[in-house]
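Trainee: First, the structure itself, so that you have it in front of you.
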Amino acid sequence: MLSNIIPLSIGAALGATARWLLNLAVPASIPPATGNLFANWIGAFLIGIFAETVNHPQWKLLLITGFLGSLTTLSGFSLETVTLLQLNRPASALANIFLHTAGSLLLTWLGLKIGAAVK
């Protein structure tokens, strides 16, 4: 059990730190939700690559469950979307939903293709 918790925890700490740093790196002139969008897109792309190339169970725990699970954020996406709706900005909320969903699906597909080619 501990042999699984350690890589999972390391990955989670690194993923959460990466998301925080990514949000800090987004310039103030860009809408605040952009950091989470980038995190979700990066995570979607990387999960495609990792799904094709990572076979060892502990590396999967570290990279996919830990790192990408902490890097990406459904809860942040949900809060951003609901906040836009509460601010009576339905077009922005729909754009947020589309960008996160369509972008993530496209990037996961691309990651799978690249991962399969590299494998």
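Just so it is clear, glycine is given a Cβ too, placed from its N, Cα and C backbone atoms.
Fair warning: this is a prediction, and the values are worked out from it, not measured in the lab.
OK, Swiss-Prot features for this one:
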BINDING   GLY69, THR72  Na(+) binding site
TRANSMEM  5-25  transmembrane segment
TRANSMEM  30-50  transmembrane segment
TRANSMEM  59-79  transmembrane segment
TRANSMEM  97-117  transmembrane segment
Trainee: For THR72 (Na(+) binding site), which residues in the same chain are close in space, meaning a Cβ under 8 Å from its Cβ, but six or more apart along the sequence?
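Mentor: In sequence order, the residues whose Cβ lies under 8 Å from that of THR72 (Na(+) binding site) (at least 6 apart) are GLY15, ARG19, ALA39, ASN40, GLY43, ALA44.
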Trainee: Give me the non-local Cβ neighbours of GLY69 (Na(+) binding site): same chain, 6+ apart in sequence, Cβ-Cβ under 8 Å, ordered along the sequence.
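Mentor: Listed in sequence order, they are GLY11, ALA12, GLY15.
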Trainee: With H, G and I counted as helix, E and B as strand and the rest as coil, say where DSSP puts THR72 (Na(+) binding site).
Mentor: coil
